[in-house]
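Sequence annotations record features per position, and here TrEMBL assigns Fe(2+) binding site to His82, His84, Glu88, His127. Annotated Ni(2+) binding site per TrEMBL: His82, His84, Glu88, His127, in sequence order.
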Amino acid sequence: MDDSDEDQRLPHHREPKEYVSLDKLSELGVLSWRLDADNYENDEELKKIREERGYSYMDFCEVCPEKLPNYEEKIKNFFEEHLHTDEEIRYCVAGSGYFDVRDHNDKWIRVWVKKGGMIVLPAGIYHRFTLDTDNYIKAMRLFVGDPIWTPYNRPHDHLPARKEYIENFLQEGGGGQAVDAAA
């Protein structure tokens with residue numbers, strides 16, 4: 001994405017436009033699936049993903065000015081570059097938004113998550129989130145065990161989750177154990 005300071009909700013394409021493949025995202029540990037958001041309550045593929053990856057916790061979060069208390073403060077916090085010590089799993093069941101992740105060269109890649117898209121950001125990856133110009137997303141939040149939503153704003157390179165992320169995905173010859181699960 002470009003380095004513009006324009007409205008964070010805009011696409012921010014570079015000129016000329018550059019697109020990143022799902023394989024490239026997978027190299028960074030970012031996983032994605034395309035699921036049936038109209039049938040998430042009975043979706044066998046979602047059930048299988050949750051069982052295989054151990055996602056036992058689930059809730060929903062609606063992000064929009066009308067539904068999220070302290071909206072302005074929260075959207076600002078979501079857009080602050082940070083990492084988590086656990087995976088961040090979001091399944092968009094309505095609306096859309098952007099997850100920005102850092103590539104191997106520490107440049108931003110903007111991932112547009114729309115209805116039916118599920119994204120998994122690995123523990124230790126620097127990222128941020130914002131809505132797009134539609135100003136609405138309803139996302140299923142999944143977690144292994146009890147949820148821990150603590151963001152660690154950059155820099156937090158000393159955390160074990162960050163060190164493991166660098167070793168597995170950013171260093172030459174790193175394990176890169178992510179598998180692209182997108183359909």
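Numbering starts at 1 and runs along the chain as it is shown here.
From the backbone N, Cα and C atoms, a Cβ is placed for every residue, glycine too.
Automatic, uncurated: that is what TrEMBL annotation is.
Of all Cβ atoms in the protein chains displayed, 23 besides its own lie within 10 Å of the Cβ of His127 (Fe(2+) binding site).
With a 10 A radius on its CB, His84 (Fe(2+) binding site) counts 19 other CB atoms from all the protein chains. Just so you know, the Cβ of Glu88 (Fe(2+) binding site) picks up 21 other Cβ atoms within 10 Å once every protein chain is counted. Around His82 (Fe(2+) binding site), the C-beta neighbours below 8 angstroms that are at least 6 residues distant in the chain are Tyr126, His127, Arg128, Pro151, Tyr152, Asn153, Arg154, His156. Listed in sequence order, the residues Leu83, Leu121, Ile125, Tyr126, Arg128, Pro151 complete the 8 Å Cβ shell around the Ni(2+) site centroid, once His82, His84, Glu88, His127 themselves are left out.
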